[in-house]
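The transmembrane segment annotation in TrEMBL covers 129-146, 158-181, 187-206, 276-293, 300-321, 353-374, 394-416, 428-446, 453-470, 490-514. The domain 'STAS' annotation in TrEMBL covers 542-665.
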Amino acid sequence: MGNADLALTDMEGPHRVPLPPERPFLDTFRANLKETFFPDDPFRQFKNERGSRKVVSALQYFLPILEWAPKYSFGLFKSDLIAGITIASLAIPQGISYAKLANLPPVLGLYSSFVPPLVYAMMGSSKDLAVGTVAVASLLIASMLGKEVSAAENPGLYLKLAFTATFFAGVFEAALGLLRLGFIVDFLSHATIVGFMAGAATVVCLQQLKGMLGLQHFTTSTDLVSVMESVFTQTHQVKEGFCVFFQKQETRQTEKIMLSTFIVLCLYMLQWRWESVVLGSCFLFFLLLTRYLSKRNPKFFWISAAAPLTSVVLASLLVYLTRAENHGVQVIGYLKKGINPPSATSLEFSPPYIMIALKTGIITGVIALAEGIAVGRSFAMYKNYQIDGNKEMIAFGMMNIVGSLTSCYLTTGPFSRSAVNYNAGCKTAMSNVVMAIAVMITLLFLTPLFHYTPLVVLSAIIISAMLGLIDYEAAIHLWHVDKIDFCVCLGAYLGVVFGSVEIGLVVAVTISILRVLLFIARPRTTVLGNIPNSMVYRRVDQYPIAQSIPGIFILHIDAPIYFANASYLRERISRGIDDEEDALKTKGRTNLQYVILDLGAVGSIDTSGISMLEDLKKNLDRRGLQLVLANPGSEIMKKLDKSKVLEGIGHEWIFLTVAEAVGSCNFMLHTQKQADSNGTHDNMV
């Protein structure tokens, strides 16, 4: 007797799979709804509360500051004070730089580092997230709004649309949180984010060539080809001038060749401002060097954090002392003093611009959410605490709604600033309050000091920050682990670099959704075999020692059965049976008599799946084969019973495990073989 025959000898008989108890439809619907939208059970903290205490708990849920502020101590404040001042030194130059990237007045970058952090400190659940503007969202705003309205020709309307897009982004983010629809952001997979961020960082760096090279005219497109054309076609007038020079001058041919060689080497430099190139290269080298030193020794994180502000101060002094602005070096110029003016009346809700703002707001809002929540969860994992994704969405949404009413544009939790906040030893969200106060002081008293800040140093700051977003190590890891994920990552990157930020995002999300649909429409089905000397059944392609059972074909279905995959599974099961019968005939073994479907991984089934099983049963009956089901879940049993398919299959052919199903089938085969043997013996007698 083989291992599979032992299934019934060590026990009284197979365990029958019972039907689940009847449950009212409303109870089932309520449970499914709760599991879909409230998997974290946010109301559990209110269960044992009564009266006013329940109101306090509700306020603490939406305003986490009410929970941690009463326990706040001076020791915590000292840590948050140091962290807040540190991130302020990074936020001020980055804010100005990213506002310029968005084609907005530089002072808006400071406004956006003042009000939104205060809102997040009250409503956010992350202790480490540092709020501010980000390069990718800034580039998206410039790209999407710039296609419809020129920031140079109509700055007033462009500014209104930026505020309106921020308002819509905030409404969208808050709505996702309130309606518990945060799972929508999960369609941006890790591979998608890696590729998209790397592509966006590449595009942002390319855009900074205008400032680094001191170019006056530059393309508004973000794709690689347009940027390269803009950089290397600035010299056509100079070329024409040299052609005229050669036609007029009576120069010997040898001298012309030598001079031409020199001109070819230097021609493209003639339209570039050498002052900007030298200044930008020096400060970019300085920023990258400090970043390298900080990575080598994390204790010196403050060197990298202070480097942008140090660069701004040194560059401003250099420009002021040398009067470099008179020699082609572009500077920021006048920055308005004072805190954020109200901007509620600047929101633009009239057609056709409302659709532009709405589209921009939704897309930038999704990107901001994906980055902010991913960063918050990363640092929460390091410190072993949990953050509520839906509460974070509400916090992001409210800070952008309030920001749009106070002259701010889109903000989230950038990784670079949050990493500095974490390394500086922040303890609570109070570090955001300290940063906001530091920015407020800058707005009230220090903005004139930025008059001589050269744009080239802002470009250097942006490039140094963006290089950190190109995570080539993650891309290599994806290649080694999952080639499809790598293709998703590469598709997002190429879409952004050679198309646009929007195209890259659409390509990445489309590939991700297609992959999900592919998994649903083409689920894995694997043949199982018995591991010798055990009652365990595993995949024969993974375990070479797994042995097939004579006369029995065991197939494992690894996904729910829906309308999208019912036809495929019907064909796949039939093909598997045909292949098994052909193999048995080739080897001269016992004919196939039983088909066991392992439904342990089938969590749910719809009416199309039920019809597929019914058709499969009829098809197997015509071929003289018996359908056997192993380990079906409660939902499968309930729907099989209600559809009367269970009666057609027979409850006696439903088993708790594959081992029990194989044992019963072997018992039937053994009994039939004995009956055939006795019949043959009687005939001979």
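Every residue, even glycine, has its Cβ placed from backbone N, Cα and C.
Annotations in TrEMBL come from automatic prediction, not curation.
Between the transmembrane segment (276-293) and the transmembrane segment (490-514) there are fewer than 3 Cβ pairs closer than 8 Å, counting only pairs 6 or more residues apart in sequence, which means the two stretches are not in contact. Counting C-beta pairs under 8 angstroms (sequence separation of 6 or more), the transmembrane segment (300-321) fails to reach the transmembrane segment (158-181), with fewer than 3 such pairs. Helix, strand and coil counts under DSSP for the domain 'STAS' (542-665) come to 63 helix, 21 strand, 40 coil. Per-residue confidence over the domain 'STAS' (542-665) averages out at a pLDDT of 90. No contact links the transmembrane segment (187-206) to the transmembrane segment (394-416), because fewer than 3 Cβ pairs that are 6 or more residues apart lie under 8 A.
With a threshold of 8 Å between CB atoms, the same-chain residues lying at least 6 positions outside the transmembrane segment (394-416) that come near it are 62, 90, 94, 99, 102, 104, 108, 111-117, 119-120, 123-126, 129-134, 137-138, 141, 162-167, 169-178, 340-344, 346-347, 364-365, 368-369, 371-372, 375-376, 465, 468-469. Among the recorded stretches 158-181, 353-374, 428-446, the one sharing the largest number of Cβ pairs closer than 8 Å with the transmembrane segment (490-514) is 353-374. Sequence-distant neighbours of the transmembrane segment (158-181) (same chain, 6+ residues past either end, Cβ-Cβ under 8 Å): 37-38, 102-105, 141, 144-146, 148-151, 343, 346-349, 353-354, 356-358, 360-362, 364-366, 368-369, 390-405, 407-410.
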